[in-house]
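Pulled from TrEMBL, these are the features on record:
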- 68-109: repeat 'WD' (REPEAT)
- 110-143: repeat 'WD' (REPEAT)
- 152-193: repeat 'WD' (REPEAT)
- 194-227: repeat 'WD' (REPEAT)
- 494-529: repeat 'WD' (REPEAT)
- 588-629: repeat 'WD' (REPEAT)
- 630-671: repeat 'WD' (REPEAT)
- 672-704: repeat 'WD' (REPEAT)
- 797-897: domain 'Small-subunit processome Utp12' (DOMAIN)
Amino acid sequence: MGLTKQYLRYVPDGVLNYLAAQRCNIATIQEQTNSKGDRRSRSHWIAFACGEIIHVWDIRRNEKVLQFTSVAEEVTCLAFMNNEKLLAAGYADGSIAVYNLFTEQLVFSQKGHKSSVNCIAFNSDGSLLASGSNDTETILWDVVGQTSLCRLKGHKSPITDCRFMLHHPYLLTSSKDSLLKVWDLQTYRCCSTLVGHKSEINKFVLLNEDQRLVTGSADSEIRVYDLTFVDPKGEVDASIATTTLEENVIASALENESTDTNSSPVRWKMAGSIIRKDRIVGMAVDPTGGYLSFHGNDAWLECIKMNTDEKVKELLGRRVRKKRKKMKKELLTEDAAEDPLEEDEPLTASELLELQFTKLPPHKCGGKIFSLVFLKKAASEPPTLLLNLGNSLRSVSIDVGDNLLKEASSVALPAHRFDIRTSAITSDGNTIITSCSEHLRIWNREAMQCVHTIPCDYAVSSALIPGDRFLVLGSKNGKLELFDIIEGVMHVSIQAHAGPVWGLCLYNDARKSIITGGEDKEVKFWDLDFGSPDSDRGMTLTCRKTVKMDDSVASVRLSPDQKLLAVALLDNTVKVMMADSLKFRHSLYGHALPVTCMDISWDSRFIVTGSADKNVKIWQLEFGDVAKSLFAHDDSVTSVLFIPRTHMFFSAGRDGKIKQWDADKHERITTFSGHHSEVWSLALTADGRTLVSTSHDRSIRLWQKTDEILVLDEERETEREQEFEKQANQTEEPVIAGEVNKEIGPAGRQTFKAMQAAEKIVEALNILREEKSQAEAGVKEPPHALLVAYGNITSVRYVLETLKRIKPSELQGALLSLSLNDAVELIQVLKDLLLSGTQTELVTKALTYLLRVNALQIESNKMLLLELDELRSHGTDHLDRLRNLVSFNRAGLEHLQLQLEERDDVKLFSDATQQFTERKKKLKKRAVLSMAS
């Protein structure tokens with residue numbers, strides 16, 4: 001039996017080119033901390049995402065303070081809790097995660113949606129979390145219990161925004177179906193629906209203590225509604241009734257508008273609208289409620305000042321005086337306008353809205369705005385907006401005196417703004433070179449920072465000249481550019497081809513030649529002359545030979561032994577010719593679409609081609625016969641690269657995946673999942689231990705080879721688990737007997753981990769059954785090995801310990817996976833535990849869920865009648881006893897805290913928290929960026 005071939009694992013080793021992602025919003029803390037002893041104020045912290053990495057940034061000190069990474073998917077939305085303690089994130093795969101800013105740890109993470117999460121929001125006290133997704137559903141999460149509560153199903157299109165009301169138990173959600181729904185958090189039902197929008201609602205905000213609603217949609221109209229709340233008796237809540245300075249004017253303005261006469265507890269009246277040129281994409285309101293800002297799909301930022309009652313009264317007086325002056329000019333009597341409020345025509349709702357809102361002049365930013373947020377400022381500081389412009393975070397302040405928007409400062413992130421099409425890495429792996437359509441950037445791997453930025457043409461190919469000092473770049477405009485990466489300058493730029501230079505490789509002979517292939521159907525050989533230090537003659541590139549091809553050239557490669565030259569053409573073939581005489585050797589044909597990339601092994605034995613037909617083919621280079629055709633990617637293959645001194649190679653595709661293959665065994669080794677969009681280029685060090693990949697998501701990822709042995713069987717098992725998770729996430733939610741309501745559903749899902757937890761519960765129940773059967777038969781056997789391992793506990797106690805080890809987010813899915821017989825037996829065990837007062841909270845949660853999902857079967861079979869009657873009569877006593885105990889302990893702790901604060905004049909635990917955060921701060925390496933004012 002032959003030896004099994006061993007493979008070593010590549011692991012992620014860092015991400016370069018981080019910047020605020022265009023898809024994710026910027027989150028900011030809107031409340032001040034109450035901890036007097038905590039000197040690290042968080043009021044100027046912001047959070048933005050780069051792929052799956054969340055950066056928490058101190059905007060005032062201009063430095064990164066925290067970084068979170070737990071889910072290997074792209075972050076799509078962020079939200080801070082008001083008390084500065086928690087940060088919630090939504091991901092592209094439908095997951096949500098909650099992080100603790102004090103302990104810098106993950107609180108919990110769970111997948112509940114089928115597709116990307118578009119919005120996420122905390123309620124006022126942070127106990128509830130709402131997430132809206134592209135799957136048209138909204139899920140409510142219990143942050144304290146770390147589990148999902150319910151799934152709200154009322155919209156017919158993706159959810160665009162969700163917000164909790166501050167002073168009322170309602171959740172508002174908007175969707176692309178042009179509806180805005182209000183959900184009652186006490187009954188989990190939709191209690192009201194706002195109609196009237198002609199297109200999708202993108203954003204909305206609540207103003208004036210939940211008394212006013214402002215919506216932004218795709219029809220370029222901002223609609224304003226006044227809200228009123230009705231108690232169950234049908235009376236309007238007096239605490240939120242509309243009271244303004246001129247009640248008779250407002251009443252006359254609103255009595256002409258349509259009134260919502262339905263029985264909904266939340267009612268609205270149209271107060272007016274504001275027309276703008278473009279659709280509304282983003283909207284934000286100042287923490288003080290004084291300014292409303294919004295933007296569209298362009299670089300223009302607009303802002304509206306919400307006038308106070310005194311300002312509205314002043315503007316109304318001006319309006320009256322202006323009208324009176326006009327009447328005098330028309331030779332009317334002076335008595336005609338003695339009392340304008342009584343004799344003049346009443347104001348319409350739109351006219352009143354013009355008095356309440358003052359529109360500021362628009363401000364044009366340096367690029368397209370992707371998201372915006374107001375920063376928390378002191379009362380003496382002007383309101384400030386923070387904008388995400390793709391590669392920079394720009395702050396814009398509002399001049400309160402002149403009512404103007406002024407650019408304050410910007411944080412310029414050293415990052416590529418556009419697709420990174422080419423990459424190269426030096427032989428020692430210390431320097432990485434990447435290029436896009438406007439810049440070539442040189443990165444220091446150890447510092448993980450950009451050290452040089454050089455303007456360049458649109459790069460589509462590149463090659464690093466031996467010596468690791470000079471880089472040749474081929475552009476989309478047909479130019480060849482030569483750069484000195486040590487000095488950070490460009491030495492040569494010449495027009496090489498009439499079209500894009502898609503192929504570029506080195507001819508390592510004495511003349512240091514370069515071979516290029518372009519869309520103009522030509523392959524050219526260039527001699528590189530570095531010049532002489534004794535003369536003024538600089539570096540030059542001279543074309544010494546041109547070969548005309550039958551079609552456009554997509555790629556060129558020279559074999560390492562310098563004997564054969566391979567040229568890929570758009571006619572789906574690869575022409576192999578002698579490198580010295582350019583004599584045709586053979587043609588490689590078999591791809592259905594053009595070959596986009598290729599590479600040759602170190603011993604010139606194999607050539608690997610990747611095509612737009614999603615296949616990778618392995619060829620014998622000497623004779624041109626195909627050894628194997630592999631279906632490699634779900635989209636076009638963009639890059640292939642052999643590992644030096646091996647027959648293993650990497651392939652990258654537009655599906656965002658990087659795969660490692662064995663050309664000898666013709667099998668896939670592993671798959672790298674890190675990029676969130678098309679992977680454009682790959683680069684390897686000379687020893688093959690470091691891999692660099694660049695992508696359309698503008699990230700540069702490093703992969704490091706380790707000494708860990710990769711077992712193929714384990715890799716396939718992991719891939720099967722991931723595939724099961726993916727399929728389970730796409731299935732419908734579980735059907736619960738008796739549940740017929742279409743607006744609400746269970747939020748739990750049967751994930752792979754939940755099924756594993758269910759298997760552990762069944763195993764514990766089997767041990768319990770064995771002990772019962774042995775006791776009934778009078779057979780005395782030694783205890784089960786698992787019971788001995790846990791300290792000779794009883795089988796009932798082992799069932800409880802099994803439930804305790806299950807995560808709260810997986811408990812419902814595990815209980816849902818149990819069969820009816822297992823569920824009935826578990827209910828009996830939980831009943832005994834509840835009556836004994838053991839783990840009352842956990843036991844009650846599991847017991848109520850089991851009874852709910854199996855209610856019809858239990859009722860139809862008339863099972864557990866005695867147990868249910870005993871629970872009804874005695875079960876609530878234990879819950880009341882636990883509730884009273886918790887309330888008593890909480891009151892005692894609050895009293896103790898007040899006494900300590902009065903004695904020491906500090907908040908409880910604040911000094912300890914400060915010491916802990918300072919100790920963690922010393923252990924973290926912080927990246928500092930330059931501030932451009």
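Cβ coordinates are placed from backbone N, Cα and C, and glycine is handled just like the others.
Predicted automatically and left uncurated, TrEMBL annotations should be read as such.
With a threshold of 8 Å between CB atoms, the same-chain residues lying at least 6 positions outside the repeat 'WD' (672-704) that come near it are 10-19, 21, 50-52, 72-74, 92, 415-429, 432, 434, 443, 445, 635, 638-641, 643-646, 650, 652-660. Across the repeat 'WD' (588-629), DSSP helix (H, G, I), strand (E, B) and coil residues number 0 helix, 24 strand, 18 coil. DSSP labels the residues of the repeat 'WD' (152-193) in these numbers: 0 helix, 23 strand, 19 coil.
Restricting the average to the repeat 'WD' (672-704) gives a pLDDT of 92. Long-range contacts of the repeat 'WD' (630-671) within its own chain (CB-CB distance under 8 A, at least 6 residues past either end) are made by residues 5, 7, 9-10, 593, 596-602, 605-606, 608-618, 677-684, 686-688, 691, 693, 695, 703, 710, 712, 715, 719.
Helix, strand and coil residue tallies for the repeat 'WD' (110-143), in that order: 0 helix, 19 strand, 15 coil [DSSP]. Taking H, G and I as helix, E and B as strand and the rest as coil, DSSP gives the repeat 'WD' (494-529) the counts 0 helix, 23 strand, 13 coil.
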